[in-house]
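Enquirer: Sharing a structure with you now.
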Amino acid sequence: MLAKEDLSKAFEDILESVIEETGLGTSSGVQLNRHQQRTVDRLHKFVNSSEYKRSSGSSASTSETISFCDDFIADWEASGLNSSPVQQLINLLNRPHIRGLLWSTEDVSAKRFAPELPAVPFEVDEDEGIAVKIVRIVRRDEPLGATIKCDHGGRVYVARIISGGVADRSGCIQEGDRVLEVNGESVLDKKPDEIVQLLNKCDGGCVTFKLIPVEVWHNHSSKAHNNNEKSHIHLRALFDYDGTNDARHPCPEAALNFRRGDILELLVCNDEYWWQARRLGNGALAHSREESKGVGLIPSELLQQKSARPEDRRKNTSQKLVEKDMDDLFYESVCKLKSSSSSSNSRPIVLIGPPGVGRNELKRRLLMMFPERFSTTVPHTSRSARNGENDGIDYYFTTRKNIEKMIENDEMLEFGEFRGNLYGTAVSAVRMAKLKGTPLLTPHPLALRQLRTSEFMPFIIFVQPPTFHDFKETREAFRSRTARTQSSASSTSQTINSMGRAFTDSEIRQIIENASNIDRNYGHLFDSRITNTNLDDTMSDLIKLIHNLETKSTWVPLNWATRCVDG
């Protein structure tokens, strides 16, 4: 406690120094007058009061330092004394930034710089004898975004937090937290279905949890691990998945369903069997804005491999011939490839589909409309050149022995024999076509084994037939319209008959069945799909698709990453 005599002596020393500095009199033996002594007495009484002690450790609307400065200024002005240094001090003390500095210094010294937050709600659980946290979440119509698990003792724990969900955004629930109560009702020994019913009985969309927090060290290590896993991994799904029908799924309500060819973004993959992901869209031109931002659980590659049946492994012969490295894969790592206007980087357009679906007609029209933009391959043959045929333009004419050697050396994309002569398309022919423009190819699906590489980076489009009714109707209408056009131009029956005969019903069904088989065996390799219902509409769709390929980034296998960008 500060003695009154010490305080008076301090003020006398200050007054003596002021008198000496102003030269208004002798400075020895200065004593306080009655007014000054009363001021010192009041100050001494306040300094030693409990009110001052309480205010010194808590926030106050008025700074004590500022009050003392104001009192000093008032006393000096009341004294009638004149001093240039003191006047300079008073001018400084009246400046706003100096007063703010004094105020801040006092707040910092009293540790009043942090906001006062309300106490975290907690109570002591009578059974467990430890502090628990009470978490109240408003989820409205959204799912909670968390899964639970039960141990052998009937205790319930938070198994995982779905990234971006309500629980994740709240920041109050962590993986490993033990759940004691939901909406005031104990969950001990309850089955998961019963707990889900409790969660659905929420008042105004609010759910209240009583939780025992997971250990701090576990929180930190788990968060760090999770953050390391968020590395913008993107996958192309090679199979269809419906989590609602998956008996393995720990929480079907949190499942993310997807189709073959969908692009998935992995968000959390620290679990051995279940990954958190979101769907960006389907095909090579998938974009995140196409789909909702919902996150769900999908089976990991390891889980799929462990539980896949032999028929699910795509082990048939045609699959092996297409992609040897993808026999046992359920996901393919992908990245975004930048578009390129350079002709040297043009990607071949590969039209896959069953014979009779109209691929060659689409190719013919594109070449006729854009002869400087697109190119095609020149096939090889072992037959002799006919009148008017030129080597390297109509065919590459060579010997049967040479073509057989090319087949043996795996230099042919596709080949076959017709009337004793070999025909086929060589890999080198695709390279030559790239030098002339964007290659347009209509190969057999087996050719994808050699085409789908980082050298060619083809854009594979599946041309699929419409329904039986639409197929028959549109083809008959096309033949009728073409017949009228050709009849007006030529009256010869040979011109009309040159269109060929119409498809029979059994042939249309065979085309549709062949398309289904191709889709089943090779569909995971397709970058996009178009349905050839009407040739004019299909041409419009195809041109638009090629334009998007040339102007937008596309998803490609990660091992093609020569000019990839972040997804």
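Note: Cβ is positioned from N, Cα and C throughout, glycine not excepted.
Note: TrEMBL annotation is automatic and uncurated.
Since we're looking at a predicted model, the values are computed, not measured.
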Enquirer: Ranges 296-318, 342-364, 480-502: which does TrEMBL label region 'Disordered'?
Expert: 296-318
Enquirer: Compute the average pLDDT of the predicted model within the domain 'Guanylate kinase-like' (346-547).
Expert: 89
Enquirer: On the DSSP side of things, how many residues of the domain 'SH3' (230-308) fall into helix, strand and coil, could you say?
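Expert: Across the domain 'SH3' (230-308), DSSP assigns the residues as follows: 16 helix, 28 strand, 35 coil.
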Enquirer: Per DSSP, what is the residue tally for the domain 'PDZ' (134-201) in helix, strand and coil?
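Expert: Residue counts in helix, strand and coil order: 14 helix, 23 strand, 31 coil.
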